[in-house]
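For reference, Swiss-Prot has these:
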- 1-24: transit peptide (TRANSIT)
- 100-387: domain 'tr-type G' (DOMAIN)
- 109-116, 185-189, 239-242: GTP binding site (BINDING)
Amino acid sequence: MRCPSLARLPHRALSGLTKSPVRLQSQNFLYQRCASTAALRSPIAGPAYQSVFNRHNLQRRNASAATAAAVLEAAASNPDGLSQEAIIDNLDPAEAIRLSRLRNIGIAAHIDSGKTTCTERVLFYTGRIKAIHEVRGRDNVGAKMDSMDLEREKGITIQSAATFCDWVKKGDDGKEEKYHINLIDTPGHIDFTIEVERALRVLDGAVMILCAVSGVQSQTITVDRQMRRYNVPRISFVNKMDRMGANPFKAVEQINTKLKIPAAAVQVPIGAEDEFEGVVDLIRMKSLYNEGPSGENIVIKDEIPEKVKSVVEERRRMLIETLADVDDEIAELFLEETEPTEQQLKAAIRRATIGLKFTPVFMGSALANKSVQPMLDGVIDYLPNPSEVENLALDRKRDEASVKLVPYNSQPFVGLAFKLEESNFGQLTYIRVYQGTLRKGANVFNARNNKKVKVPRIVRMHSNEMEEVSEIGAGEICAVFGVDCASGDTFTDGQLGYTMTSMFVPEPVISLSIKPKNNKDSANFSKAMARFQREDPTFRVSYNAESEETLISGMGELHLDIYIERMRREYRVDCVTGPPQVAYRETIGNRVEFDHLLKKQSGGPGEYARVVGWMEPTGKLEDNKFEEQIVGGSISEKFLFACEKGFNLACEKGPLIGHKVLGTRMVINDGATHMTDSSEMSFKNATQQAFRKAFMESNPSVLEPMMKIVVTAPGEFQGDVISLLNKRNATINDTETGVDEFTVYADCSLNGMFGFSTHLRAATQGKGEFTMEFSHYEKAQPQLQKELIQKYLKAQADRHKK
């Protein structure tokens, strides 16, 4: 769980917390120097100084250990009182340097905005790869981060891929500093949104990429929502500046208006489209150009081209004004009409970005190898290191009280498994280490089941390649083999009873019946299903006893198609699938009172349970609610627990069409028991029967999932696209017309969208694209409801005939 605000908490004096051991460290160097030269001055001086050095070194280690222990105690007992400043101040100096040079970032955006292309340049410029390969490139190699054959064939990212690299940042004084970056490239398609979700859950910052032509798109809004959910600071990069119709300032404006986050350009492009040459840095007021066969050399010039001078002055003024709205120091300078220095601007942008108040906007073209390196400098300058981000856990030993995680290597280990993958060597588990050190061969405990497991191997991942390491420190991301767990599990070294909140997992909206073509493939079919469920929390497998079918459920048609194709390729299992099935829901119509008696007394143990109360809508189509308002103890506590269980079971399969129930409240306020014949089973069954009867009397409704649809296509096809949507009874909410394309925003039932992609391709000569995301549930049309009920009743009747 990440703290809602990354702004520093007020620093309070904490008992037992010593000052930073930085001074001890500097004295340590002095003692070491004296010890090394003492033998030149006196035969006995060397051993004497060495003795002092050893004693002082022990004091330093003891001081660091005492400080770490005090910080750990403060993190548990008074997390609000322990500021990030105090945590950083009391870091071991070597650890402070390591963490300050570390960034954990993700790259996220709408589909086809250039995420993977941009990541490929980052890896090349940092020296991680020796050559650039394009997504769907002609060399049949493909981008490094698209390691699956399916990804390279389709030209889309399906799974998030992790890598690491080192970036050497050059200062204005020519001094070079090396930074370590853990980077995760995420998919852009909405069907694979869980990959973005779990990446952002463990990252400290992100680069949000936008298309210079399209600006903020539908999946950009989804990614923004996910970043806000986990309080992830971001910088923005307007890509594809070399494309026809590129308008980066439209993208900046849309970040402000559509995403509702203050944003300002920190660069101005020199030219655009096929005349895009480079950028002007608005903070340093210098021009930046890329040279070399792959743009690997950055050339900095003091001269700003005449053609962009007026735009540069205007955009710098807008940058300062926007910062003045979100940062007190710049606001003071602005009111005093004092021009801020480069250092003041950088510090303000960093504070505002980490505080989730602002996003700086960079510009470039990854495909044209232009202005990617300045964006990397922005990652270092403006995104937080692990010690600057507040992460919270829950202490199960203290009624799940919040505790702060401290990124010290000397603390007890706490880590989160955020992604599972099957490899040739077994299950690969990705872990973010929040506190302590994870060592090869160490025993760790799964907080979910208290199971102890040994860590046989630790690796750093570079897409589908790996590099073995012996240990990983706080703030790092790694992968381990041989650890059986589920996505979202917390691991500790056994000293602490901490658990971390898992990521948000959306409910599936579409299902298919599936079975292997040949019965001999059943074993591999079952293996594949088990593996895919472990890896992807949004992929669900269930068995329908009535139809005797296996059902797979997911986020969309593409999502399920990918898994069916993976089963064929990776497990050599060809499958037969049924038509798509919509995840309908049922809900109560109006308030209904009930007084139900279950009585079976025919010799021997009988059944007796009476439940009295009412059922009504909750007001919102959300979770169901059960309440008891018993006065006088007419139903005992254990029987009321059985009533609640019966209610929950009844909600799993509604009486109308056999789908889950939403937005229904059940209240039991009276009842009766029998001395010998009442049991928990009796009250569970009585509640289910009362539920079914009252539900059917309430004028219930079938609910169908409504989807947010965004269609983008060339302008000449606008009429055809609108016609396609109208045929599906879609509600068109808005349209946007660009230079050569248009975008339609609409709501439509999922049932009406089956086969839409095929019809869209035909209507737009293959040039149209669309995204679809679950929005809400809505009452189905009366005719559809009637058809669904008849179909369900027929299936029930056919089943009883068997």
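Glycine is no exception: its Cβ is also placed from the backbone N, Cα and C atoms.
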TODO: Mind giving me a neighbour count for Thr186 (GTP binding site)? Other Cβ atoms within 10 Å of its Cβ, every protein chain shown.
DONE: 28
Task: All-chain count of other Cβ atoms within 10 Å of Ala109 (GTP binding site) - done: 27
Task: Under 8 Å by Cβ from Met241 (GTP binding site), same chain, sequence gap 6 or more - done: Ala212, Pro248, Pro269, Ala272, Glu273, Phe276, Met363, Gly364, Ser365, Ala368, Lys370, Ser371
TODO: Determine the Cβ neighbour count for Asp112 (GTP binding site): the number of other Cβ atoms within 10 Å of its Cβ.
DONE: 20
